[in-house]
Amino acid sequence: MAEAHPVGFQWVMEAKRRGAKIIHVDPRFTRTSAMADAFVPLRAGSDVAFLGGLINHVLSGEHYFRDYVVNYTNAPMIVGEEFVDTEDLDGLFSGFAEGGYDTTSWHYEGSRVNASAGERDRWDELFGEQGPEHPSGRETPTGGPERAGSGGPVYRGIPETDPTLNHPRCVFQILKRHFARYTPEFVEQACGVEPGRFREVAEALVANSGPERTSAFAYAVGWTHHTLGVQYIRAASILQLLLGNIGRPGGGILALRGHASIQGSTDIPTLFDLLPGYIPMPQAHRNLNLDTFVAADSAAKGYWGNMRSYLVSLLKAWWGEHATADNDFCFDRLPRLTGDHGNFRTVMDQIDGKVRGYFVIGENPAVGTANSHQQRMGLANLDWLVVRDLNMIETATFWKDGPEVENGETRPEDIGTEVFFLPAAAHTEKDGTFTNTQRMLQWHHKAVEPEHDQRSDLWFYYHLGMRIRSKLRERQGERTAEQRERDRQLLELTWDYPTEGEIVEPDAAAVLREINGTDAADTALTAYTQLRSDGSTRCGCWIYCGVYAEEVNQAARRKPGAEQSWTALEWGWAWPANRRIIYNRASADPEGNPWSARKAYVWWDPEQGCWTGHDVPDFDAGKPPDHEPDPEASGPEALRGSEPFVMQSDGRAWLYAPTGLLDGPLPAHYEPQESPLSNAFYGVQRNPARQVYPRPENPYHPSGTETGSAVFPYVFTTFRLTEHHTAGGMSRWLPHLSELAPAMFVELSPELAAERQLRHLGWATVITARAAIEARVLITQRMMPLRVGGTTLHQIGIPWHWGPNGLTTGDAANELLGVALDPNVHIMETKAGTCDVRPGRRPHGADLRRLIDDYRSRAGITERTGVDPVEGTPHPRSDADGHGEGRANDE
Amino acid sequence: MIADTLDRVAVAARPEGQSVSRLHRLARARSIARERADGGEQRMREWLRWPVIRQLTGADSLGRGHAARSERTDSERARTSEADSVVGSICPYCAVGCAQRIYVRDGAVSQIEGDPDSPVSRGRLCPKGAASRSLVTSPSRQARVRYRRPHGTDWEDLDLDTALDMIAERVIRTRDETWESSTEDGTRLNRTTGIASLGGATLDNEENYLMKKLYTALGAIQIENQARI
């Protein structure tokens, strides 16, 4: 955190100054470790084992926050008899078949978990064509879990519960049995953390949690870039919920995100599986219409119960008066998904000639994405490519001087891609909002005009839309009836933004106002509770409703922090409803009183008859703590006064996920896709539901005891430096930053340097089955060998900022990585891989190919290596071109 | 206090290419002093102005404040004080969201500072945020459209309007040629998988919104950004 989010880290130091204990758990000793009270090095890729150990410590030692757990989590819920845990199946949960899980056996007893559009085919088999009720747009195998960005998946019915937590099939008891295996000794075998040190961490965490104290976890992509990344976060969530550390000040699991508006681009998603505000993109299904899409949500409890209002208001924002109740508010104009359309799938489709045009906007996949060679293969097989960036990044120049050209594998003359490079405007040259990692929107004002051809992306997309529309409008006479029909959704799109200045720049504030939403009188709305499903309101992103309340750009508020309370509610605007801590009703006990005076945050004021406190209460402000809803109620009205998790369909936080995840209702430790070790916990080596893509350009290594594993004996993990940013597009061209961190390097221990005859500041070549890259050697004691499973394990840290262009150049770390994904969110594993390292620079041309081939052959690598879901069980599909629906691993 | 510190840092900074060492500055200040000294009394006064004397005799015993200031130092003006305008902004690097103040002179960004009013960053910027003036004013920044024709071996010039027109034509053509109205069994698809997009996490919300809106109306579905990778 001190390295990659240094200014955010000042608050950690502030906490330390006030007596907080800082514990840093990381494969590398960094500036964060230097400032921490305790540094715990662990093996990259073993965090679920570590967190599982902490969960076991809390459960077996009875250290959990009982009142919180009983009232605010699903600990008392009773799970159906069909569920079988990994304890009884040696690492699999019940329902595993053909490379994926049928999750129906994970459900609660007495409740019907909502099926999804994506699972509809099987759902039809189980329940018949119409189903017991209606299908839903939720929980698709390809994207449903991302709904967790604003609330979890949905279920209906009232499950059986046992508030005493003694029923053998209640979530609490299942948790206890599941994590009993995660003892300090097992933690040591998987993580290389010695039991005494582990206990110190566990005891410190427990001592600092409860009514009087809270602990927080901060993480970044070191937790998410894994083949079980979602389960890493689940493990932390379980731990924090057991300790009562969610929805309370000083608590939480804090994602330290890495780009200025990466949160915003998830909320208003440039992502394939979502519409604005975490509404799923519809999947292709017969008889899918607005009613069937929202039906299950409408029946559910919590704020997702109003999904119809959110979606209709979005469709009204997009198609205006053309969206009416009679035409389903233009719901049919939304394109339909069929399976995974994530970027890795798309790039493989580019290689296979299925994608012709590609826009790359402020991103640099030619060096910034895992298996960069595969990315460039995709770029080289397009008809046309548009790159918009500040500098001449590698994604724009791959055809001219990319590694394949440099190595003589191809020539510019052989690459048919037509490339448009359009220079972008910088943040100082445009108005707009970024959403930071706390969900806070902050407006940045234009300071100067962009020069020459430099334009904002707002300008580009606005004018591209105008140009496409005017061309289509002119050509309507010559278009076929079918073409005219599909043109309507473009020609009738609301696209009339005011513009200003010589370059005809669209007004960003007008766009933000459309995102905020308006009522029938075209007045800006103030809260999403005003949204209606009858078409009388328009709103581009329901969770952002209120950012333009009172016709004021709330995101532009800059009242000095020193002039307001510590929650600083008048600086910027945080979604939803300007709340700074979500689910903050959990900071009060079921009766509405703060759990302790020290940790008071929001509470029920019986005299005023409302919730009040330091923040905007994340609860119906007038609903008393003892409120019991009408049994017939749905949506927010169905929530009790004591149920804080208002986006959840049961008002409770989930220790156990009866639905919504594709790789298990509980986290279990699996080894990374590539690991020198065998799984110490279960017979199953890797996440059995992970996504793998066996292709010639994407081979995997053998692991553990598999033949050839020793050819790649070292673990590597990629990381960021303070002085550079992501793949370097915004840092490698800057003189100051290039001077501060002037060369690509690998960081490793003196012991490994001795083992491989590497010299400090000399050259090393790092090799995987995908690539060999060269880097300067940085030998430090910050990297330390671990004792794991009775052997010494070496780890190598590799920064991923470099590429061939810019002021400071070097090989890209992403060349080394294979593509293996978490099945829930299609995020790749970059934080734990295996490699070899040797002294000297890498060869070039045909010699480079020969070196890699030699390693592949010594390791006995074939297209089948590392791809079976469960070792010894063949993969259900032998090819990699499956593009249809389903959840097979090659999707 | 933070603002004062930052102002002092700004005073010490020089535009690129005009970097002057501290020793050089001291020497210049002394030579100016010598020229002006035309008598023993005055010389003594100048002697007393020497930093080390002031450090040893004054209140600034560490020599990090007043004692270290020269005439030249006092004559320096911060770029922030000479700006024509200043606007509030946000750092474009990571997601902490540190507030910046953008100083403008003669229509160009002359300085970027942390904004001490921000309850998030309290005026601080990291090395990247502090280098963001060089991000936006860097001579390496591209200002013109570049075009590479299929199988071409070098970049060519192209004006922006022509580029926009050519891209619009390619979108329309690709959309028509790769349109999928429905699956073989008649299930509605209403889309194209011929056009894909990558990027968004470095952009504004308003930009992401127009992208998603236009792509969805076009029927393009392979829309992705850094949040996944």
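Quick reminder: no glycine exception, Cβ is built from N, Cα and C everywhere.
If you check TrEMBL, you get these features:
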DOMAIN    A:3-396  domain 'Molybdopterin oxidoreductase'
COMPBIAS  A:126-137  compositional bias 'Basic and acidic residues'
REGION    A:126-152  region 'Disordered'
DOMAIN    A:422-464  domain 'Molybdopterin oxidoreductase'
REGION    A:614-643  region 'Disordered'
COMPBIAS  A:615-630  compositional bias 'Basic and acidic residues'
DOMAIN    A:715-827  domain 'Molybdopterin dinucleotide-binding'
REGION    A:860-891  region 'Disordered'
COMPBIAS  A:874-891  compositional bias 'Basic and acidic residues'
Check: Taking residues 6+ outside the compositional bias 'Basic and acidic residues' (A:615-630), which of them lie with a CB under 8 Å of any CB in it?
Finding: 247, 567, 569, 576-585, 588, 590-592, 601-602, 604, 606, 609, 636-642, 644, 646
Check: Using DSSP, what's the helix, strand and coil tally for the domain 'Molybdopterin dinucleotide-binding' (A:715-827)?
Finding: 15 helix, 35 strand, 63 coil
Next item on the list: Tell me the residue counts in helix, strand and coil for the region 'Disordered' (A:614-643), as DSSP assigns them.
Entry: 3 helix, 1 strand, 26 coil
Next item on the list: Pull the DSSP breakdown for the domain 'Molybdopterin oxidoreductase' (A:422-464) and write it out as helix, strand, coil residue counts.
Entry: 11 helix, 13 strand, 19 coil
